[in-house]
Amino acid sequence: MMTEENLEEASGDTVEEHESKRGFCGCCCIPIHWFKMLATEMHWSFVLGVVVVYGISQGLGGALNRVGTEYYMKDVQKVQPSEAQVYEGITSIPWLVKPLWGLLTDVLPIFGYRRRPYFIFAGFLGVISMLLLSLHEKLHLVLALMSLTAGSAGVAIADVTIDACVAQNSINHPSLAADMQSLCALSSSIGALVGFFMSGIFVHLIGPKGVFGLLTIPAGLVFLIGILLDEPYMPNFDYRQVNQRFIDAGKAMWTTLKCPDVWRPCLYMYISIAVSLDIHEGMFYWYTQDSKDGPSFSQETVGFIFSIGSVGSLLGAILYQNVLKDYPFRDLLFWTQLLFGLSGMLDLILVLRLNLKFGISDYFFIVIDECVFQMIGRLKWMPLLVLSAKLCPLGIEGTFFALLMSIDNFGLLSATWGGGFLLHVLKVTRTNFDSLWLVILIRNLLRVSPLCLLYLVPRGDPNSSFLPAEFLETKEGTETQATENIELVSLINDVDGK
């Protein structure tokens, strides 16, 4: 009897052990199965393209560029916080003309290809501009701004090319639209996490200009994608039709934009972003200034803080994907916008040094602040991206998605310049931060103001299409189908071919 009982206990322990191992392996396999599902439904090349452009070029490269540029403006060019805000807006101008890049990729093939030349050009532009910034000993501010703007243009061109694929697949697979945006967000967040973690260390070791030299690597990878991209060759394209195609695309965009189901959410997107003033440069100068009034964070600490913020952004993307993606847009945007305004009070507590009165160190508090801000910001941004992808008509999906993103980017530019103007009016400088608390309070109040405009956003099911049926039909069926078949040639096949 004792032997039988011992055998039963041993077998029970074995079953529990197998179940625990199976549960652990199952959790680890969920992301793999998700990637396989996306690759099966929309082709593996689409998934790989998103990871390269969003993860490496925008995520990793964007993180290094942000920290490197901030220290470059502060320590090399020695500009004021309000000026740095204005210059940051100038370098973002290429993102405002995204409809132009989108229109070119939709209607103007080069040497018979729609996507390859634009990736190659984007990578080449990024490599040259970053090399100029890194190798020139004392670059004039105007030339530095031109180089930074050119590098930004390279990232924007690569972004709009992959965005066309995202928008098109969102229409062809409406139930996977949220999954595609989650893939973009996860790739960007993971890349930014790695980039921010290394950025402070690199700035400390090789300086801001050395970081610009490292940024030639993501640009080179974008160039490489242009070489490896396999897409249908169109040798008989009639370039005499380009003008008419531009006119037709412009008319189609205007017709779509006049639809109330389209312009109303577009108006909300712009206002909600524009009134959320960006005062990041004022905060950056404050917590890196070597004085007794601020935390005086080192370069490595700043990079680590931003990397923790990327963890918050990643958590926001995961939370949206697994919990919130099926909630109506209007309900989700209400809570995220409200929390976005309330989260700004953490900055006010930090600047007024109230955290020290509660025994919370500056380092710990700003880590929590950055993590919460990035997580809520991602939760606020994700439904807007999904909604934008669903507002794109077939045939000009790349162009129209770029138009919607340029509206958002114009909102970001308005917020950046508005924040710089507020810093200037309240006399926040490199050494004077007495009015910074008032700047933060005004920003927080403006953040919650878009709640009164939520009626502009549709309340419907986010998994359904919002466009009328006539906008989902295209006369360019052949070309649209050709765009769907974009593939990336594997390196193995390329080597075998040689």
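Glycine too: its Cβ is placed from the backbone N, Cα and C atoms.
The stretch that TrEMBL tags with transmembrane segment, taken from the ranges 90-109, 410-429, is 410-429. Here the transmembrane segment (358-377) sits apart from the transmembrane segment (118-135); fewer than 3 CB pairs are under 8 Å, leaving out pairs fewer than 6 apart in sequence. A contact links the transmembrane segment (302-320) to the transmembrane segment (183-205), because at least 3 Cβ pairs that are 6 or more residues apart lie under 8 A.
Here the transmembrane segment (211-229) has long-range neighbours at 49, 52-53, 56-57, 60-61, 64-65, 67-68, 72, 113, 115-127, 130-131, 133-135, 151, 154, 158, 199, 202-203, 486-489, 491, 494, meaning same-chain residues at least 6 beyond its ends whose C-beta is under 8 angstroms from one of its own. Here the transmembrane segment (410-429) has Cβ contacts under 8 Å with residues 80-86, 88-89, 92-93, 95-96, 269-282, 435-436, 438-439, 442-443 of the same chain, all six or more residues outside its ends. Sequence-distant contacts of the transmembrane segment (332-352), counting only residues of its own chain at least 6 positions beyond either end whose CB sits under 8 Å from a CB of the stretch, comprise 272, 276, 283, 286, 324, 362, 365-366, 368-369, 372-373, 376-377, 379-380, 383-384, 433, 436-437, 440-441, 443-445, 447-448, 450-451, 454, 457.
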